[in-house]
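**Q** The structure is given below, and queries will be raised subsequently.
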Amino acid sequence: MTLKRFSLFARNIHLPKKTNAASVESNGSLAPTDEELEVINSLPPFQHALQLSSQSATKAKRSYLETKLPKVQKLFKSSRDPAYLAYDFPQGLSNPYVDAHARPVTNPVTGDTKYRGTPRLSVTKLLTKRWCELRETYDIYSRIPIFEHSQVKQGRKEHQRLEEEVHAPPANIEEFEANFEVDIPDDPFHSLVEDWYLSIVRLVTLFQKGQAREILCHGYLSSRTSGFVRGKVKDDNDVLVSGIIDHLILRQRRAKNNVPSSLTQVLSESVDINLAQFLNLLPSLVQQASKDFEIVVSDVKTRSTKTIPRQQTVVKASKMQVMYYRFLLEDLGRDAETTYQKLLINAQRRGFNVDQPINPAKIINLLEIDPMIRGDMERLQRGDQLGFKPFDSEAELNTSQPVYTLEEFDEKITDLRTRQKYETLFTTWNTPVTLRYFAARLALMYENVGPLLSQNLMIEYYCGDVNFHNISFSFDAEELERQSFDSAQFWFGKRAIEPIKPNMKNLQTYCKYCDYESVCLWRKEGRQACKTLGQELVRLYNGNSPNAITRE
């Protein structure tokens, strides 16, 4: 268990019927040939770049750069200075989302669209100016994952530690999964099932214990308007944007600290949660608590030293990231029926059939992780309604589903403990368990989060296991709208690349940490301009000085 400038719709992007198909071969438009790689590698700046990297980088990083730099050089080779990388989009490839990220291919006969890339964006992908947008562009078009250095690996461990402090895995879950007598699927479809279920469980923990970690959120960005979609998703050209929220804190509004607080004492003392009963009770509790409690959205940043980043673009991007999370969570919390639809489209955009029955072994596995949906499973077994209209209506209409049965478990499972807990479920069910069920329950959980969302946001900085500094700030809807529009304009090829301002401070601060430092034409021209400006200022100063006049 683990825990240019063409509009997008002009490229005939549709809801994918198939995704990431191995049978689709790349046309090679972005991939250099062996001969091209040899020529590129022989260019003096590239030899210099690789020599520099060999002095300070690890063997893994050197290998990484030797693969990435030639690919970028092939696409961005400057016509004015061929040894350097240009700072505009490659000719005919000016839509980063279509040309480098999603890379759709439409079958001219069937009209089916397949993707050689990823037909969605993440919140972090929207932060194109967190460092330098030109560097981001080169990385996007290289189609090579960002190098994972030791600090990133350490940060992931720290996130996992924080997650398990709040959401400790059941003590015997690994043993159960290893010894269960039926194979438990762990393919992408069933991984999504588990992810949605864990988000449900963790949001219950939020109201019970006052905090939750690693919560899914998502929304849709219009490739036509470059704005986020409000309400139902109606356009196949609306691009899925997903994120994972590091930390949600339920606290008293007038509190001077971030101490988590249960919504009510009754919830904090509850041990065995029945999800259906919990959801029936929760709306009234949220309404009563809305004046006194708030949910703060926070992001965790790990650092190798007890310092915060000096670069203002980095801090600003971190704030924007949390604002995105808060915005998406608020949107999901407006109306459960609309959110239900958005969740189903989310799954479809990933290539999944929302009516595909979930493997019964996975259901038993989820019940072992947390049994709060046991009552719901028994309702589906009997064919009873859940009490959520969109789901119940679809269940009544969908009569062509295959038989959903756990009868074979009666023969396969001999473990007495497992049989004692679950054998009443080993029958044929009237309603199959599909992604629709988890979408319905997760949508209702989001709806109860929305009313409590705070305008106060936070970034938590950790060094090791020490939370050494927090930055508190306010949600700014107008700024978020400006930034998201600007980012969408970039991703959908509706504006030019906007590198860092080429002043000496930026060129020294940002460029020295960049993989493209020695082959970047923007940096080269910026340094030349700064040098020329300095010489001109000296000339002007000397020309206007009294001593200069006397000499003349």
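Every residue, even glycine, has its Cβ placed from backbone N, Cα and C.
Per Swiss-Prot, the features are:
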- CYS132, CYS511, CYS514, CYS520: [4Fe-4S] cluster binding site (BINDING)
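Can you walk me through where each of these features ends up in the structure?
**A** All protein chains shown were included, and the count of other CB atoms within 10 Å of the CB of CYS520 ([4Fe-4S] cluster binding site) stands at 27.
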**Q** So, three-state DSSP: helix, strand or coil for CYS132 ([4Fe-4S] cluster binding site)?
**A** coil
**Q** Take the mean position of the Cβ atoms of CYS132, CYS511, CYS514, CYS520, the recorded [4Fe-4S] cluster site. Which other residues of that chain put their Cβ within 8 Å of it?
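**A** So the additional residues around the site are LEU134, ARG135, PRO499, ILE500, LEU507, TYR510, TYR513, TYR516, GLU517, TRP522, ARG523.
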**Q** Under 8 Å Cβ-Cβ from CYS511 ([4Fe-4S] cluster binding site), six or more apart in the same chain: what's there?
**A** CYS132, GLU517, CYS520, ARG523
**Q** Taking the Cβ of CYS514 ([4Fe-4S] cluster binding site) as the reference point, list residues of the same chain whose Cβ is under 8 angstroms away and which are at least six residues distant in sequence.
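**A** The answer is TRP131, CYS132, ARG135, CYS520.
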**Q** In the three-state scheme derived from DSSP, which category covers CYS511 ([4Fe-4S] cluster binding site)?
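**A** DSSP call for CYS511 ([4Fe-4S] cluster binding site): helix.
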